[in-house]
Every structure is written in structure tokens, then in C-alpha cells.
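So that you can see what the record holds, here are the features copied from TrEMBL:
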type	residues	note
DOMAIN	4-62	domain 'Tudor'
REGION	52-108	region 'Disordered'
COMPBIAS	73-86	compositional bias 'Basic residues'
TRANSMEM	211-233	transmembrane segment
TRANSMEM	254-274	transmembrane segment
TRANSMEM	294-314	transmembrane segment
TRANSMEM	326-346	transmembrane segment
TRANSMEM	413-432	transmembrane segment
TRANSMEM	452-470	transmembrane segment
TRANSMEM	482-501	transmembrane segment
TRANSMEM	552-581	transmembrane segment
């Protein structure tokens, strides 16, 4: 049996498969049957190499230290130079040849990098998410782009290796060559961005949500289902046996004054968004390398909103009006969403290719639904980012407060019921957490992958405020008395879900922001074929999506105060489970 030439743990030079380039590697193990060495490169890549593809470091060091010059003065590094030809001075033609050879090597290295990049850039660009308002969870939160670590490693190694072969050049020539190396690397990086950007349109078989027929049904079915659900809840007996509920005339659902109030609400939130308060941060890199800036002032907008509402209550404004016209407000929000979606699609037709969403397909119906433009902006006003957390999410809390006041008035209570207090408190914590950690939304799938179209507009502006407040709306007409021992158990359940949810998201966000943070050194990751890393320890070592688990536990906690007389208040838990299962499938696909 042949003896081993290299020992485990030894640092040597290994040839990259399919090339003539050698990089520093560590011997991990040796298979005596196949006579293959398992080696590990500096970027973490592990490969099996033959023995003749491995060379000791000493062979390269000798080459590095060697000199083709026979001039003693040059070997001593003397600055005195004779203008006469010495046996050690290379002829001009030879020096030019060496320089040309160097450039050829650089080009070879660049071609090598391009070859290795090809499998990566042909994949659709995308990232992953969690969304605080429960909409499509924003790309998997714990995956982080590797920022072309391997490509940069290959370039720097090759440049270092080549530069050791020509030590006879004057210092100024070496500087010039280093500048050339830098330009070559920048060129490859730029070319990578362009290649990544020029992704072929999504084929019909890859369209999500059932393709064009699926999104067509969703766009018409969701608004209808929303109104049926609200009408069911207003019935005295909201049993499934009483489905469908009596339908009102269409003219009874529309009121111009209500639409005006909704527009006023939207404009007030837009005004708060434009206030020059809160820090400005950069979002995730776009496919062309840009990083958009976002102002984080959602929590300030929340405080200002409730300062205005408190003032209105003190002045005697009747908020019961919102409850009495709840269906009209839902229709007003739906109409506004449709108009906004049409505007977004029309403006996207004039948007440059670099501003389009990776999820867009070229089909008009599908792109109207999924969103064609990734980050539609009017000046610095980012429409998608604004709608993500402001009008709908803050409106959810306002509607809950309206339901609490309506319960006291309709049921002639001096104080709200314990069940209503629990629902309001649980959901208030959820919204405040989302606004306090507003920066985390910038890494979600909604922001970095999906365009802004009907899907997100309807979800943010209609579904969130009018469906997520469903438990409070239910309790106004169907009171449920909760004992303090049961309330205590619900609080514990809510806190457990919140701890899991916040712990997982905080760990994920910290990892995405700075993967090399010493505080995260104990976390383990695995590398994926998309070039991203997934956390597989900490919270992310217990279950595949701990943030989803925490979300579902909290959803159950704020449905339990409604009791068990009807299944209607638990629609949110059922829907949210289906949503997160679908979101997980989207994450895995990305």
C-alpha cells in the first residue's frame, strides 16, 4: 500500500479542479482506498484532491525567494544601478514579455472566476423574510449573501502568486501592476452585478400562487371573502351553518364621506413618514449594487398618531362612527388599493430594467398582482416601505381601540371586558415590537424580492387592519367572560411566543447585519447553493423557522380570549398557519 506524502492538519497548496491555480489548503483526511486527500480551502470549501494535485508550501517559497537575476547588486537590493547591460539585467523585450505574461495570467484568473460564477448568476436573484404584520413572511431571515467571498479569494490568491514570480521589476512597476489587479477585480465584480441583473424572465411553470389563473382568482376572491367574513361576524349567531350571511345592497357599502376619512388617514401617515426625525439607514444591496436609504421613524409616527387620537377623544370626537361604518371603511380601503395598484403598474411600464422586481414575469396579470417595480419611489418617498408598516399596521391598533370603545357603549360597560383588554394588549405589543424594530423589515422578502403590486397593497392596506382586528370586532357583538386564572395562562402563552419570536428574529437580524460579530461566533451555519448561509444553531437549531413558531403561538394566544362558542375567531390562526406554510415553501424555493 502506498505511503501518505502529507499528514492530517498539514498546510499545503492544492490545485483548484479544472485549472492550473494553486491555493493554500489544509489537509483534513486521507482515503487509503481511493488515495484521495480531503482538503479545506480558506473560504471553507472542502474538496477531494489527488496527491499529484497537492504541493508542499516549500516549493512555492523557493520559487518566491528565487531570483532570475545573476547580478549580486540586485540580490543585495542595492540602489546603485549601472546603465550598462549586466548579465543579470533582462533585455527590454524580455521585461515587456514578462509584463505581457503577467497580464495574460491576470486575464486567465479573471476567466477562471467567471467560469466559477456562472452557476451562481444564472439563478434568479432573491433573498428571504418575516413580516411583523403577518403578511407573507419576509426571505429566509437567517440567510446571508456570502458577498462573493470565493471569487475575491481566488483573485487575491492569484495576484499574490503571480507577483512572486517577477521580483525583478522596479517598485513603480509593481505598484502599477497592483493597480491593474485592482481594476481587473473591480471589472469582474461589476460584470457579476450585470450578469446577475440580466436574469431571464420567470417561466410560466415557475410562477407562484398558481400562475396567472391563481393570482386572478386571488385578486377577486380575497375582497369577496373579506366582506363575507365581516358580515358573518355581525350576525347574532355567527355559525358556519348560517353561511352565507345576508348580503347588503352594494350602494349600502359605499359612502363618499368614509372614503374621504380614509384618504385623510393615509395622508396623515404620509406626513408623519416625511418628518425629518429618526435615523437614516441603508437597505440591502440591490442587484445593481445600489443601497437605498430609509428613514426609521415608524415608532415616532405611532406616538404622534395616538397623541392626535387622544386629543380627539378629549374633544369629544365620536369614534363609534368607525364601528358603525366598518364595512364601508373596508370597501374604501379596497377601492384605494385597486387604484394604487393600477398606478403602480402603469408607472412600472416606464421604469428601467434595473428597477424591476426579480419576481416579475412579463405577464401583465401576474405582474399586476406580484408587483413589477421593486422599489417605487416618488422622490425620496418609498411607497412600498411606507405601506408596509404605517397605514395598515398602525390602523390595526386604532381599530382595536375603536372596538374597545364600541364594546363599552353597546354592552353598557363602565370598563372594557377582560377578554377585550387581553386582545388589545397582546396585539398592541406585537405592533409596537414591529415599529420599534423597524429596520428588520428591510431584510424581508417583501422589500428585497417582491415588487409592489396588488398583493402587498391589499395585504398591507386592507387585509392587515380589517382581518387582524377580527378578534376585537367579534367581541363587540359576542362577549366572552374570561377568568383570571385562564387569563394568566393566556398571558404566559403569549409571552412564550413573543420570546421565541423576538429571540429568533433578533438573532437572525444580527447575523445578517454583521456575520462576523464576535457575539455570534458560537453560531453554526451551512452554505447553500444560492451563495447564502443559513443559521443552524441557536434559536435556528431547534426548528427550521423559530420565528414562525413564535408567531403562531402568539396568534393562538390572542384568539383564546374569544372563547370556544364559534370557530370564527380562530380563522386567523388557521389562515396564518396556511400562510406560513406557503411562505416556508417560497423560502425553500428561493
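Count begins at 1; order follows the chain as displayed.
Any Cβ shown, glycine's included, is placed from N, Cα and C.
TrEMBL annotations: computationally assigned, not manually curated.
Between the transmembrane segment (413-432) and the transmembrane segment (482-501), three or more CB pairs separated by 6 or more residues in sequence fall under 8 Å, so the two stretches touch. Residues 268-269, 272-273, 275-283, 382, 385, 389-390, 394, 397-398, 401, 431-432, 434-436, 438-439, 442 of the same chain sit 6 or more residues outside the transmembrane segment (294-314) yet have a Cβ under 8 Å from a Cβ within it.
The stretches the transmembrane segment (452-470) and the transmembrane segment (482-501) are not in mutual contact, being linked by fewer than three Cβ pairs under 8 Å (pairs 6 or more apart in sequence). The stretch in 211-233, 326-346, 482-501, 552-581 that contributes the largest number of Cβ pairs under 8 Å to the transmembrane segment (254-274) is 326-346. Long-range neighbours of the transmembrane segment (482-501) within the same chain, counting only residues 6 or more positions beyond its ends whose Cβ lies under 8 Å from a Cβ of the stretch, are 417-419, 422, 426, 429-430, 433, 539, 546-547, 549-554, 556-558, 560-561, 563. With a cut-off of 8 Å between Cβ atoms, the residues of this chain six or more beyond the transmembrane segment (326-346) that come close are 223, 226-227, 230-231, 248, 253-255, 258-259, 261-263, 266, 364, 367-368, 371-373, 376, 383, 452-454, 457-458, 461-462, 465-466, 473. Within the chain carrying the transmembrane segment (552-581), a Cβ under 8 angstroms from the stretch's Cβ atoms is held by residues 134-137, 229, 232-233, 238-240, 418-420, 422-423, 426-427, 430, 467-468, 470-471, 474-475, 478, 480, 482, 486-487, 490-491, 493-494, 496-498, 500-501, 545, all 6 or more beyond its ends. Within the model, the domain 'Tudor' (4-62) carries an average pLDDT of 83. Residues of the domain 'Tudor' (4-62) grouped by DSSP class, helix first, strand second and coil last, total 9 helix, 28 strand, 22 coil.
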